[in-house]
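Feature annotations, reproduced from TrEMBL:
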- 20-161: domain 'VanZ-like' (DOMAIN)
- 12-31: transmembrane segment (TRANSMEM)
- 86-103: transmembrane segment (TRANSMEM)
- 112-128: transmembrane segment (TRANSMEM)
- 148-166: transmembrane segment (TRANSMEM)
Amino acid sequence: MPTQYSKIRMKQLFIWSMPVIWMGIIFSFSATPYERQDLKPALSERFDLAVIEPFVDNITFTYHNSVISVASLGIESFVEFFIRKGAHVFVFFTLTLLFIYAFKKTTNLDRHLIYLFSYLLSVIYAGFDEWHQSLTPNRTPYIGDVFLDSLGSLLAVITIATFAFLRKRR
């Protein structure tokens, strides 16, 4: 028969398994060659991207020594670029939320330390993820992607801190 202590430990293990599983998902994505993640065929089949082209036609900037524009990439690659970069932000936003939840439910740390540790763990993992990507064929690691990942983590901390602040004011 499980003791109260073992039930608590099992619950803590389950809670910590969430960020660990999410990290595993990130790991598997960064281990997948680009050809197996190419979104352009699905974008062309499912969406008429010509509709948005006039609205984004004048957007031009440089990212990782490449010109990003509809003229240089084509509309499908241009849209795919933003989906991929948005995914960086979303994935590390989610990872940071999972870390915050795990720390909150399994420790007695002050919320500021929880935010700090969650952010730092996510950013460290972002760096590891880019390094891991360097081992994958046809994938290029880039420090700019770590900055996007860090932005996602920071947005998660700001979101949770804002909700906590607003809840305290009531």
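Backbone N, Cα and C define each Cβ position, glycine as well.
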Tally Cβ pairs under 8 Å between the transmembrane segment (148-166) and each listed stretch (12-31, 86-103, 112-128), then give the stretch with the top tally.
86-103
Using DSSP, how many residues in the domain 'VanZ-like' (20-161) fall into helix, strand and coil?
106 helix, 8 strand, 28 coil
